[in-house]
Amino acid sequence: MKPSPRFLFILTFLGSFFLASPEADSCTSNLNLNVSIPFDTTNLHCLSVWDAQSFILRYAQTSANTWSFILSTPDTNSYIAMGFSVGGGMVGSSAMVGWVASRGASGGIKQYYLGGVTPNQVVPDKGNLQVIDNSTFITLQSSRLFMVFQLETTEPLSSLIFATGSTGLFPAPPSFALTIHLDKVSTRIDYSEANIGSSQGDGNSSQLNGSTSQSADSCGSNLNLSVPLLFDTTNLNCLPVWNAQGYILRYSQTSQNIWSFILSAPNPNSYIAIGFSPNGGMVGSSAIVGWISSNGAGGGMKQYYLTGLTPNQVVPDRGNLKVLTNSTFITSQSSRLYMAFQLQTNQPLSKLIYAFGPNGVFPSAPTFSLTQHQDKVSITLNYATGSSATTGNSYTILKRSHGILNIFGWGILIIMGAIVARYFKEWDPFWFYFHASVQSLGFVLGVTGVISGFVLNNQLRTDVSLHKVLGIIIFVLACLQIMALLGRPKKESKVRKYWNVYHHNMGRILIILAIANIFYGIKLGKEGSGWNIGYGIVLAVLLTMAITFETQQCSRDD
């Protein structure tokens, strides 16, 4: 039986499809390029260096100080890159970047130096690689890119970074600026054994051979950064400054008026900040703020001056800190951020503030405005002894005292006084004196709570505008109730019924606002569900009592 023409057509189509597949290249297949290569390719080592993206690296030591490389990748209609790093990080590495645009119409290959994580810090035609003249080219063949180059070195750096760019975006004259990578992976290679070590990627790639904990850094471990620093790190003082968030500060006095700092923190996918304050408060402090997005796509570091509590009062590129030029950098390593800087000062301010921002929100051009922090802590640091005291404990006591006073004053006693006044009038005059006494005690506790709230706000300088406004309204209503009590008409007075309507309804409004503000205050204070459940139970008991008494009163009226 002869195969039908339709069947033959399908076989031919499928065969041509698989032959042209971008996965056709492998370390088990022969390298057959349609262009001449200036070195022997028969004895090249071959490694699959990025399985998720089908990156294949071939290399050989051609002579005593010449190394030849061929990187083979699927054509993703973007640039491909191979970086050589001191310790595996992007910053400080030098990369060979190649591209072929519009299906072979044009292309190029250049060396780039990664001076930072922003595009303007990635400099074309710069770097530490000694590229041999006329050894570089890139070609498109069978839907794959082949990037060829030779380096003059005794042995290349073993920490390699591979990356792909965004689809359809290529370096172009005159600047040849490089857009942010779409995906990347890091690996370590043993050139003599032709083996690769652990890899860490972002985007769609994953970490191989285990993962590293965010809390891996500690004062008991050595500081091993993948980027060189401008100052000596061997004699840095080290102390944990925010145990709840895993913040570690290293510092030293490098010279008579130069102080060096490295802040290590888990990467929260937001900004991190260290502020220097004259009095422990946020307002008036100057802060160093740094950020790197979780996928490494962008980052930066700036000084901010906190003239107030609102975002427009936090001014970028301003402040009282004399930051040494070219001393600042931030890097992401093992799921942690390391922010380094140097200050020119005889003695830095001892009151420090640490903070981090909301997840996924970063300062960005052109304003670089800073969103309100998600959490913060204040400490006092003794630079000479390397000891610190958290000022947050005294704030916690004051904060909880503020909450307890207001809960008992406005949220419990005032309600109890109202229940007695409504349902126990047959016990005259006991009900009146009890009502007046309980309400007066609730007023005193509530006013004390309001005062403590103003003191707390003055110390913490946090933005609690709505909570403060509600508290002031409750205080004013309570004062009006006290004044109404002093001006209470006699029972036989004609205006007594109007006074009753005013007094009862003002009391009800006060109680409703007090309950709402108490729950809102618990949320602002981040005291957790325990406080909500506790006060909720008290309210449930008071409500049950009120319903029971109301039912009994209705039965008597009937």
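The backbone N, Cα and C atoms fix where each Cβ goes, and this holds for glycine too.
TrEMBL entries are annotated by machine, without manual review.
As recorded in TrEMBL:
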SIGNAL    1-26  signal peptide
DOMAIN    53-165  domain 'DOMON'
TRANSMEM  79-101  transmembrane segment
DOMAIN    245-357  domain 'DOMON'
DOMAIN    364-558  domain 'Cytochrome b561'
TRANSMEM  404-424  transmembrane segment
TRANSMEM  430-457  transmembrane segment
TRANSMEM  469-486  transmembrane segment
TRANSMEM  506-522  transmembrane segment
TRANSMEM  529-549  transmembrane segment
Positions whose Cβ lies under 8 angstroms from the transmembrane segment (506-522), at least six residues beyond its ends: 402-403, 406-407, 410-411, 414-415, 418, 446, 466-467, 470-471, 473-474, 477-478, 480-481, 484, 531-532, 535, 539
Contact ranking winner - 79-101, 404-424, 469-486, 529-549 against the transmembrane segment (430-457), Cβ under 8 Å: 404-424
Averaged pLDDT score, the domain 'DOMON' (53-165): 87
Contacting positions for the transmembrane segment (79-101) when only residues 6+ beyond its ends and CB under 8 Å are counted: 55, 57, 69, 71, 73, 107-117, 126-129, 131, 136, 138-140, 145, 147, 149, 156-157, 159-165, 169-171, 178, 181, 184, 186, 188, 200, 224-228, 296, 329, 331-333
